[in-house]
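The structure appears right after this line, and notes come after that.
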Amino acid sequence: MCVCFQDQVVFSLGTFQNVSVPVNGSVQAVVSRIPADVAFITLQFHTQHRNATLSYRSVPVYGSSLTAVDSGLLFLLLPSQTSLSCYLLAPDGDPVAGTGVLLPYTSADPVPGACNLEFPLENDPNIYLRYNLFETTIRFSAANIGHERGVSPPACDVDTGPGTRWRLEYDVYQYFLPENDLTEQSLISSMERAAIVSSMMENGRKLMTLSSRDSTQVSFNSIPGQGVIYSIIVRDPLTNTSASYIPVHTYACSFTSILDGCTTLGESLALLSDNSNFTLKSFFFFVLITRTTMLDYNIRLTLTAVMGVVGGVILVMTWWRFGSVMACVVVVGLILGFLVSSIVFFTPLGDLAVFRNDVVFWLTFSCIVLVVPLFFIRFPREGNIITCGVVGAYTVVLAVNAYTYTSLSYITLDVLKRLLNNNFSRAFITVPLQNIDFIMITVWVVLAVSGIVVQLYRERSRPFFPPSPYVMWCQERERRKTNVLDPSHHTPAFPARLLARLRQLTRPAEPAGERTPLLL
């Protein structure tokens, strides 16, 4: 329970409280009756997309305040201290509304961010997040082991023995918000699950455990439009205690941008996938012009579509003129191989540490791509039908993604990101599979199986591969030339027939009526 006064909010430990900060104003957060066994307290405040400032002082200064959508402060308590206060401010000239909570910890719990050497706050329990289209990166400061009130904290880097902070371990957790849900209420309810250690361990997904000697920077796959909460729980294996850093969230998109905002991302991602994944020429052309030019995104998509059409026409004309079955079989096999390989690395297999090496990843990826066409050489008809069924059904999934978000579009989009971004190999590529995704997987399987069965039934009595029209015409022409018993052998050639028809059309009409021969 909390009591609210004008410009002041009284918190109870462990209880979430909604707070509104007026324009150019501030709100004082107060908590009292702190138990004596509490050694330190963390305050965290979360908004959906507007910055808020947390400050130890009524006037924020560098080193005593932090401005972010997910911000927090850490308070080391004095021996007789039973209350504390801090200030919330709206820094951008707009009112700010969010939810906050103060969490108490004992002297046995590790202190998150107490060995900070990088960020402005002396004791910084915050997680710093940045993102782009390809990856989301989080950074944090090292923690220290717990200590009693009024006791000087242990030195951070003097010794590395078991009695120092080097024994601490860091668990990285990920929590996905419901798909297609950009509401503030969804974020607040999710933050209430992610803020407390026991709740995050129960509801979140543990991605990795870092030792104190590992880097305090971790990268993940960006999923624009999908809400994600990241949290770090520091554990002390010796005392079997833990504490949480301030959770952070991201949608990997902007709520204020008109172009490519959070509500308009589906069309761009689906269009990118449609143009880049199912025609080899368009795919590699898109990668080439993206890595070598600074052309506008829409221009690149247009050129990609044009090259896809040109590549398709060239392939069809190669079959029509020369009857080259092998060229069609190889191209179709590579397309299916690409999709199969992408599916393999879309699974948790893609997050194995060995595949963070680009050489290992691309070598394994290419081997899977090249193995599939070997089946097509022996069974070209069946291979083409399977490709049409599987790939064609996947295009339906991508079409749906233009109107409602589905994680299945990242099957191929993640591979494209890795081709375009040199640092994407270090990112974790996990994406959520929620109700819409299981529905689309079912649709994909049903469409693929039904399409394959129908085509196999229709083609069961036909040639294993359609013959070339031009080659058939040439063979028919040679047959007519050599077979004198064929009536078509005596048919004049087409140019002669055309000339005769033109003469007939230009010949003057004969007069009507009876003609009597002249008798001599």
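Heads up, the Cβ atoms here are built off N, Cα and C, so glycines get one too.
Per TrEMBL, the feature domain 'TM7S3/TM198-like' maps to 278-456. Residues annotated as transmembrane segment in TrEMBL: 301-320, 327-347, 359-377, 384-405, 438-457.
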With Cβ distances under 8 Å as the criterion, find the stretch in 301-320, 327-347, 384-405, 438-457 that has the most pairs with the transmembrane segment (359-377). 327-347
Within-chain partners of the transmembrane segment (438-457) [C-beta distance under 8 Å, separation at least 6 from its ends]: 382, 385-386, 388-390, 392-394, 396-397, 400, 406, 408
Within the domain 'TM7S3/TM198-like' (278-456), what mean pLDDT does the predicted structure show? 82
